[in-house]
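*Asks:* This is the structure, below, for whatever I ask next.
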């Protein structure tokens, strides 16, 4: 009989250690992909049609409708961060997906009721069916995902989260702002690597950048004698060097995050003004076929499906010969080129 291979850090729905050939794998992945296919069908169709609904049914002006949609998208993205923290630290990922699916379904049900009831909207019929189908799609996604519970490798909540650990570094650095930095970085706090060798714990070397964050790893001394190490120090007052280095990495990426606001604006225009612009364009492909305006955001996705293989198979090998970089150009250069092209595309749309 084949010996069961356990998966460390993962459990089944009864809390027992997951078994590799029994839990997880491609079959279970298909359930997850099916669930997210329904979810994307509902949310993407909702996003590109809301502008038309707000303008044509609820009598918003174009700017007001676009603002409502971008507010909806922004809140959705921010809530995903909040739910990620809750999933990792308290209730686990499986329960988070189920609860989120139920809440999203209830929201679409309320929107369907609003679009159907005459007292809650101007007199125009069809939108309630559209929102209703989206609600059914979300319900199907949640049911499909829940159906795979006995087969999942469930990530147990560990009362820790990467975002919270980064925030702990910043808070601890602010609280220790008046403490002098040690000359020798070896004096900064870090758990003993030999002692924890049997545990899967990340270790990063100290770097002499953004030194003010090193104050989060300063151990308080009394009469120039370091206080006895605590086994579990308060993480909001004292952080590991590795934790501090992760905080430095995130802070160093902040300029890139700020630059990608340009890309976010382009995506927002694609789901709002571009749909309305489509109503004013000649969308005929043949005599009897017209592209629906709400389908215009699909075009960038179709181009990506074509361009990405072309870039990987042709452009990257060609650029590699000139630059010597395995990826053709660096990832930062890719981001820069993408931002420039996004700006150019918006200029063309404006013209």
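Don't overthink the numbers, they just go from 1 along the chain as shown.
Backbone N, Cα and C define each Cβ position, glycine as well.
Note that the structure is predicted; figures quoted are calculated from it, not measured.
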*Asks:* For the feature transmembrane segment as recorded in TrEMBL, pick the matching range from 290-311, 312-333.
*Replies:* 290-311
*Asks:* Tell me if the transmembrane segment (249-270) touches the transmembrane segment (30-56). I count contact as 3 or more CB pairs below 8 A, with pairs 6 or more residues apart.
*Replies:* no
*Asks:* What residues in the same chain, six or more past the boundaries of the transmembrane segment (97-117), come closer than 8 Å to it by Cβ-Cβ distance?
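*Replies:* Residues packing against the transmembrane segment (97-117) from afar: 39, 42-43, 46, 53, 57, 83, 91, 127-128, 130-132, 134-135, 138-139, 141-142, 145-146.
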